[in-house]
C-alpha cells in the first residue's frame, strides 16, 4: 500500500526566518500586544496628561512622557532587559548584559514561542509606561533636566529589581509563588509609590496651581483615556505569551472590571457631590484597569465584577476622604493622584488576586498549579493553608515593592539633587512651558495682552537668566 508523505503548506514550513520553535500566530499577537501597550504611552498618556493640566503646562507634561518613553526604550535594550530577565546574579537582579546582539535577539526567548527581540520589545514598553506613570505625580513643577537624569537611574536601580524579583523565573518572589499576572506590583504599585515619593522630594506646585489646576482640554484628555483603556487589551492580553483561552479571559475580565469600576466611581460622585464628573469617571476607569491587572487571566468573570466594585470605591474613599483629611497626604503634591489610582489600586488588585485566583486558571498561566490558589478556593477545597499562604505571599510582595521604591526613589532624588535642582524656580513655574521649553501648546486670543503685563515680563526675564546659568 502506498503511503503519501505528509507535507506542510509552504507558508508554514520552517526556514531560517521562521524556525521550527517559533509560532507565527503567537509572535504576531505578541508584537501587536506590545504595540497596543506602546500606544498607551505614545500618544495615550501623552495627550491625557497634556489635556489634564493647565494650558501653561501642556507642552512640558507631554514632553516628559515623550522623553521617558524614548530614554527607557534605549536603556532597556542596552542593559535594562538583561538586568530584569537575564541570568541570575543575585536573588533580585540579573547579570548585566546587552540585548542588542543580532544572534541573541533571534534566539527563542525564556518563555513563549517567539524570539528574544519580541520579548525585549514587549517588556520594554511595559518598563516605559511605568516611568510615564511616575511622571504623572510630578507634573507642573519638576525641572526637566532633573527628569532626564531621574528616568535612566530609576529604571536601572528600581524597576529592574522589581521586575526580576517578581516576573523572572529565578526571582525570589516568583519562586515563592506570587501572583502578578501583568504588572499590578511591578508597574502600578511601583509607579504609585515611586511617584508619591518623588513628589515629596521635588516639592509642590505653586500655591495657586494647587488650588486651581483646571484641565486645558477635557476632550483631549478623554481621547487619551480611551487609548489607555483599549490599549489595555494588549497590556493584559499579551502576558500569557501565547494566543490562548487564557489571553481571551484576561481581555474580557479587563473590560468588565474597568466598566464596573468607572460606574461605581461615577455613582459615588453623584451621590456625594451631586454631579457626574468626567474627571472622576476617568479616575474610576484607571483604578479598574490597574486593579484587574495582577489578576486578569486567573480569576472568573464574577470576581472581575467584585474587583471593579472595590477599585471604584476604595481608591475613591482614600482620595476623596482620607487624602483630604490627612495632613501628611496634603503636604505631598501628587498631581495626577498616582498614589491612589496606581499604588492603592495595584495593591488592592494584588490582595484580591490572592483571594479569587482559580487553581485551574493558574495552571493555564503558570504551567503548574503549585501553591497558586486563592483563599476563596483554598477554603472551598480544604486547602486552607495554601489559601492563607497565597495571601501572605501577596502581602510580602506589597511590602517589598513599597519599601524598595521608597528607598530607591529617595536615594535617586538625593543624588540628582546634588547636580541640579529637582524643582523649577518660582519664576519658571509662573510662566510654564515658554520658560521651560520656549514653546507653547496653544496660541489663543488674549494671550498677548497677558504677556504685556509687567509682572509676566519680570518673571520671564528672571526665568531666562536662570536658564542661562543652567
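Numbering starts at 1 and runs along the chain as displayed.
In case you wondered, yes, glycine gets a Cβ from its N, Cα and C as well.
Those TrEMBL annotations? Automatic predictions, nothing curated.
Per TrEMBL, these features apply:
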DOMAIN    28-442  domain 'Ammonium transporter AmtB-like'
TRANSMEM  28-50  transmembrane segment
TRANSMEM  57-79  transmembrane segment
TRANSMEM  120-139  transmembrane segment
TRANSMEM  146-167  transmembrane segment
TRANSMEM  187-206  transmembrane segment
TRANSMEM  218-235  transmembrane segment
TRANSMEM  247-271  transmembrane segment
TRANSMEM  278-296  transmembrane segment
TRANSMEM  302-323  transmembrane segment
TRANSMEM  335-358  transmembrane segment
TRANSMEM  392-420  transmembrane segment
Query - Sequence-remote partners of the transmembrane segment (335-358) [C-beta within less than 8 Å, at least six residues beyond its ends] - result: 49, 52-53, 133-134, 136-140, 179-181, 184-185, 187-189, 191-193, 195-196, 199, 205, 213, 283, 286-288, 290-295, 298-300, 303, 306-307, 310-311, 314-315, 318-319, 323, 329, 372-377, 390-391, 393-395, 397-398, 402
Query raised in the report: What mean pLDDT does the predicted model reach across the domain 'Ammonium transporter AmtB-like' (28-442)?
Result: 94
Query raised in the report: Under a Cβ pair cut-off of under 8 Å, which of the recorded stretches 120-139, 218-235, 278-296, 302-323 contacts the transmembrane segment (146-167) most often?
Result: 120-139
Report summary line: Outside the transmembrane segment (247-271), at least 6 residues beyond either end, the same-chain residues with a Cβ under 8 Å of its Cβ set are 29, 181-182, 229, 232-233, 235-240, 277, 280-281, 283-285, 287-289, 291-293, 295-297, 299, 301, 304-305, 307-309, 311-313, 316, 320, 361
Report summary line: Outside the transmembrane segment (218-235), at least 6 residues beyond either end, the same-chain residues with a Cβ under 8 Å of its Cβ set are 32-37, 39-40, 43-52, 126, 182-183, 251, 254-255, 258, 278-279, 282, 285-286, 289, 293
Query raised in the report: What residues in the same chain, six or more past the boundaries of the transmembrane segment (392-420), come closer than 8 Å to it by Cβ-Cβ distance?
Result: 143, 145-146, 149-150, 153-154, 157-158, 161-162, 165-166, 173, 176-180, 185-186, 189-190, 193-194, 197-198, 201-202, 343, 347, 350-351, 353-354, 371, 470
Report summary line: Lying 6 or more residues past either end of the transmembrane segment (120-139) yet within Cβ distance under 8 Å of it, the residues of that chain are 30-31, 33-35, 37-38, 40-41, 45, 49, 53, 57, 60-61, 64-65, 68-69, 71-73, 76-77, 80-81, 84-85, 99, 105, 147, 151, 154-155, 159, 163, 183, 186-188, 190-192, 194-196, 198-199, 202, 235, 238, 334-336, 338-339, 342
